[in-house]
Structure formats: structure tokens, C-alpha cells
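Everything below concerns the one structure shown next.
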Amino acid sequence: MTDSKTEAAFKPVELYTDGACSGNPGPGGWAFVLRCPRTLKEIQRSGGQPHTTNNQMELMAVIRGLEALKEPCAVDLYSDSKYVGQGMSSWMAGWKSRGWKRKDGSKLVPVKNVELWQELDQQMQAHRVTYHHVKGHAGHTENELCDKLAVAAYQQYL
């Protein structure tokens with residue numbers, strides 16, 4: 001998650017993300033709020049797909065948020081997705097070392113959503129990303145906003 005650049009080279013940003021699905025699988029949406037605490041500049045983006053899963057939309061929200069960064073950043077990522085958090089902090093290194101396979105008992109099987117995990121891994125290379133879990137639907141302002149935007153994004157597919 002960290003490259004050889006010094007800590008001072010990383011601009012601090014906050015990335016809030018959420019994914020939502022109507023049915024799982026079903027129509028889904030993703031959203032992010034990206035904020036620079038130094039300037040208070042903020043961007044919000046969202047999108048959707050007609051047939052997807054909640055986990056795919058959670059991953060897409062983080063990927064699209066990281067893609068929006070134009071320079072190396074120290075990213076504080078806030079998400080209610082334990083799937084994203086565990087994948088980034090615990091599972092991804094092992095998956096990569098096994099050729100993007102996961103252990104299932106004594107055998108190796110393909111990682112679910114592997115294309116998205118690989119895209120996330122690629123996006124993370126330029127940044128220092130720190131995951132922070134927030135409880136969903138618990139009044140966290142930015143998480144609630146992302147949820148609202150993600151739900152609105154999939155409405156067009158209903």
C-alpha cells in the first residue's frame with residue numbers, strides 16, 4: 001500500500017464509499033465522496049449497473065474514488081463494508097501470492113470478483129490507503145450520503 005515516496009509526498013484525503021443493491025444480485029449502485037481536509041474541496045460521484053452484487057458495488061465505489069485522485073495521496077478510506085476492509089488488509093496479499101486464488105479447505109479456488117480486486121490493487125499502488133470501518137445506517141453523515149447516492153444510482157434500472 002505504500003510506495004518508496006516519503007510521507008510528505010502524500011496529500012491527505014478522505015474517501016467515503018458505499019455500494020447498494022436491490023436484491024443480491026440485482027440492480028446496484030456505488031457512490032463516493034472524496035474530500036481534501038486542507039482545502040475542504042469535495043467531489044461526489046455515483047454510478048450503477050443493471051445486474052450486480054452488493055460486494056461488487058462496494059468494490060466499485062472504492063475503485064472509482066481512487067481513480068479520481070490525480071496525485072499520490074494518503075487516503076483515509078471510510079466504508080461500512082467489512083468485505084472491502086478485510087480484503088484490503090488481510091486477504092489480498094495472500095491471494096496475490098497464490099496467483100489470485102483463495103484457500104477453500106485443502107484446495108485453491110478462484111477469488112470471487114477477482115477482476116475488481118485486481119483493479120483495486122492496481123489503484124492502490126500509487127497511494128497509502130488506510131481503511132476505517134464505519135457502521136452502516138448509523139447516522140454517519142458521509143456514509144448516509146453515499147448510501148443515498150448509491151440507491152439513487154440504481155433506481156434507473158428498476
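Yeah, the Cβs are placed from backbone N, Cα and C, and that goes for glycine too.
Here is what Swiss-Prot records for this protein:
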- Asp18, Glu58, Asp80: Mg(2+) 1 binding site (BINDING)
- Asp18, Asp147: Mg(2+) 2 binding site (BINDING)
- 9-155: domain 'RNase H type-1' (DOMAIN)
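Remark: secondary structure over the domain 'RNase H type-1' (9-155) totals 57 helix, 53 strand, 37 coil, with classes taken from DSSP. Under 8 Å, Cβ to Cβ, and six or more positions away along its own chain, Asp80 (Mg(2+) 1 binding site) finds Asp18, His133, Val134, Lys135, Gly136, His137, His140, Asn143. In this view, Glu58 (Mg(2+) 1 binding site) is surrounded by 28 other Cβ atoms within 10 Å of its Cβ, with every protein chain counted.
Cβ neighbour density within 10 Å is lowest for Asp147 among the binding-site residues Asp18, Asp147.
Within 8 Å of the centroid defined by the CB atoms of Asp18, Glu58, Asp80, the record's Mg(2+) 1 site, lie the Cβ atoms of Thr17, Gly19, Ala20, Met57, Ala61, Ser79, Ser81, Val84, Gly136, Asn143, Cys146, Asp147, Ala150, excluding the listed residues themselves. On the backbone, the CA of Glu58 (Mg(2+) 1 binding site) and the CA of Asp147 (Mg(2+) 2 binding site) stand 10 Å apart.
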